[in-house]
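Report on the following structure.
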């Protein structure tokens, strides 16, 4: 998606060792018009796939995921990173290892909101090792719902997440795929 | 806002001691069309106030806040609950005590995204004791920006947060104000 690639070139900052910082428009300060355009793009790519629910992981996936859900006119569910005190229902659980924070977390979705009839589109801001996506896939599988695809804003194609998901025949649609980050520059695939 | 009140009456669940659960449309599963309508309503109420930034707190404020930012056509910033590993910039800090989780947390916004020229609208899903709003107000004041108002989806008017903010001449706009939760019913103000 050209609009996104231009924004990454203009505002992205390469920090170190494969880390791209896009906190001026994607995951701290957020550009709502860009989110809307990207949500419309995901809806276009999954048009006709009869998506019934969009699923993301708190917190930085929510803005793009709600715009996608709005365009598809289906509910959004965001998986939570720990059990809130008001959540006593049965829940589907996934396991995620965060390499950036070096910690293991459980993520969960109340069993009230996913059922075997659902056709789920997973949305996230980044795909690198694929840990977050795998945690959400685990949740969808527990519920018996179908995984229709994974929509990603920025895929770090130099890490293994996208490749390994596609090898399992999971459809992954990324709006920008980064081949490498080198000498302070972003190279797209 | 009648649409929201009807949704609360139909889908809200009273758990105990003043706790209203609205996780089927507001803070776990999210209704994007309702979020869009509420975002437009906040934009209408603050139309003419020259808002330059919307500020919320991760995670459950993000969906309504991005829709408000979209309607106002200004950036959204979400305050983070701890310092992410890629955030080495100077930051504005706020302090929040969560009564539901019984913990103290620091919230932060990078100093890159708020400046004295900004006119900030704070948006959140709930207002009860006012702790989250006060944490965000602390951040805005550190930055030197102006606090134009606070927009809340559901205000628990039987708790002190809204009253104490209004006593300090902070403009608080709540889309639904709950007077009491009693005998399994929701009474609006």
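Placement of Cβ uses the backbone N, Cα and C atoms for every residue, glycine included.
Under the heading xanthine binding site, TrEMBL lists A:20, A:27, A:156. Annotated domain 'Phosphoribosyltransferase' per TrEMBL: A:47-157, in sequence order. Annotation comment: TrEMBL describes A:54-78 as transmembrane segment. Annotation comment: TrEMBL describes A:128, A:129, A:130, A:131, A:132 as 5-phospho-alpha-D-ribose 1-diphosphate binding site.
All features noted in TrEMBL, drawn onto the structure.
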residue : record                                              : contacts (Cβ under 8 Å, 6+ apart)
A:20    : xanthine binding site                               : A:8, A:12, A:13, A:14, A:154, A:156, A:178, A:181, A:186
A:27    : xanthine binding site                               : A:60, A:125
A:128   : 5-phospho-alpha-D-ribose 1-diphosphate binding site : A:18, A:99, A:156, A:159, A:161
A:129   : 5-phospho-alpha-D-ribose 1-diphosphate binding site : A:99, A:159, A:160, A:161
A:130   : 5-phospho-alpha-D-ribose 1-diphosphate binding site : A:159, A:160, A:161, A:162, A:164, A:165
A:131   : 5-phospho-alpha-D-ribose 1-diphosphate binding site : A:96, A:97, A:98, A:99, A:161
A:132   : 5-phospho-alpha-D-ribose 1-diphosphate binding site : A:57, A:61, A:96, A:124, A:126
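Considering only the residues assigned to xanthine binding, A:20, A:27, A:156, the longest pairwise Cα distance works out to 16 Å. Shown in sequence order, A:12, A:19, A:21, A:22, A:26, A:125, A:126, A:128, A:154, A:178 are the same-chain residues outside A:20, A:27, A:156 whose Cβ sits within 8 Å of the Cβ centre of the xanthine site. Secondary structure by DSSP for the domain 'Phosphoribosyltransferase' (A:47-157): 24 helix, 46 strand, 41 coil. Within 10 Å of the C-beta of residue A:156 (xanthine binding site) there are 23 other C-beta atoms, taking all protein chains into account.
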